[in-house]
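Notes follow once the structure below has been shown.
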Amino acid sequence: MKMKKTDDILLKRLLLSVGILLFIRMGTFLPIPGINHGHLAFYIQQHPITKNLVSTFSGNDTFVIGLFTLNIFPYINASIMVQLITGLIPSISKLQKEGGGEGRRAITRLTRLITFGWALIQSSSIAFYLKRALFDWTPLLAFEIILWLSTGAMIVLWLSEVITEYGLGNGASLLIYTNIISSLPNLGKKLISENTGNLNVLSGLGIALLFFIAISGIITLQESARIVPLISSKQLSQSQPLVSKVKSNNYIPLRFNQAGVMPIILTTAILVLPNYITNLGVFPLLTLPIFLKSSKIIYWISYFTLILVFSSFYSTIVLNPKDISQELQKMAVSIPGIRPGLATTFYLKQVMKRVTLFGAIILAILATLPNVIEGILNVSSFNGLGTTSLLILVGVVLDISREMKSIILSNIYNERFD
C-alpha cells in the first residue's frame, strides 16, 4: 500500500513534467503570425553562414520562428549573470546568505527581471536580423516579433518553475536536456552521411569506447567529493570512540566540479564567439589572432588553460572559504586539528585549490575528447555532442534519480510517523 502511494506520487510528478515539456516542444514549432517562412527558408538556403548557424542551433537546415523559439536561454543567461553579480557585489551576496526566505525571493525576482531583459535583447536581435531575410519586413512586424518571443520566453520560465515545484526534476535543466536529446537523431544522421567512407567496425568500437570513457569520467567528476570532517565544541569533551564516530558522520563535501559547465561556456565565449560575430558581419575587426587560427595545437592549449583558469575563478564564487569558515565559527564547529578563524580559511583554501585543480584537469581532458575522436578516427560532426552536452545529460539523470530517492524516503518517513 505504501509503495503504491509512492508510485502514484512519482507518476503524477512524471506526467506533469512530460506534459509541460511536450507543450513547450509543440509551442516551439507554432509559427509567429506575420512571418513568411518561405522567404526565410529561401534566404537561409542562399546564405551559407546563416545556414551553418541555423544548423548549429536547430540540428538541420529548417528553422521555424515559433512562440517558444527563445526557450529557456534568456533564463540561463540571467542565471549566469546573477551568479556573477552575487559573487562580485557584497551587498547582494549578503542578501543571499543572510536574507533567509525574503532574500531568496528577492534574488528570484532579480533573476526574472534580468530574464525579461535578455528576452527583449534576444528577440530584438532576431527581429532586426530578419530585415534582410523578409521582403515584407516593417517596424510594426519587428515589434510584434519582439512581443511574441519575449512573451513566449516568460511563459517558458513560468512553466519551468512549475516543473521544479510540482513535477519531477529541475525545469530549466529538463528543457536543456530535451533540446539536446531532440538534436541527437539529426546528429547521428549527419555523422553517418558525412563519414560513410571512414566508418568501419574498428572506428565504431573506438568511438563507443571513448564515449564510455567520457561518460564514466563525467559521472566520476559529478559525484566525487573531498570529505572535510567536522566536530563541534561539545563533542571535543566527550570520549574518543564517540568523537571518532561523529567525525565520520559530520563533514563538508567539497565537490571536484563546483563550477559545473560554466568554465567550458566561458572559454567557448572567448575563443569561439568572436569568430561567429565576425562571420555575421557585426564587428568585422573582432577576430582571434592569426596564430590561434593557423595552429590547432595552440588553440587547444589555450582552450585547456582557460578551462583551468575559469574553474578556479568560478569555484571561489560558488564556494567561498572565508564564508564557510565564518559559518563554522557561528555554529561552534571546527575541523579537527585546525584552529577556527584564519587557519580554517587558509586550510579550506588550500584544499579547494587542490580539489579544483584536479577536477579542472579532468574537465579540460573531457572537453577536448570530441576533437581527439575526430582527429584519431578521422570522423567529423562530434562537436554537436560535446562535453557540455554530456555533462548536462548525465547531470540531469543523476539529479532525477536523487530526487526520486528523496521522494520515496520522505514518503516512507511520513507514513511511519503519521
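Each Cβ is built from the backbone N, Cα and C atoms, and glycine gets one as well.
What TrEMBL annotates here:
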TRANSMEM  63-89  transmembrane segment
TRANSMEM  110-129  transmembrane segment
TRANSMEM  141-159  transmembrane segment
TRANSMEM  166-187  transmembrane segment
TRANSMEM  199-221  transmembrane segment
TRANSMEM  259-277  transmembrane segment
TRANSMEM  297-319  transmembrane segment
TRANSMEM  355-373  transmembrane segment
TRANSMEM  379-398  transmembrane segment
Quick test of the contact rule: Cβ under 8 Å, at least six residues beyond the ends. What residues does that give for the transmembrane segment (110-129)? 65, 69-70, 73-75, 77-79, 81-82, 92, 141-143, 145-146, 148-150, 153-154, 157
Distal contacts, the transmembrane segment (297-319) - CB-CB under 8 A, six or more residues away: 83-84, 86-88, 254, 257-259, 262-264, 266-267, 270-271, 291, 352-353, 356-357, 359-361, 363-364, 367-368, 371
Residue list, the transmembrane segment (141-159) vs rest of chain: Cβ under 8 Å, 6 or more residues beyond ends. 20, 23-24, 27, 32-35, 65-75, 112, 115-116, 119-120, 122-124, 126-128, 130-131, 134, 171, 175
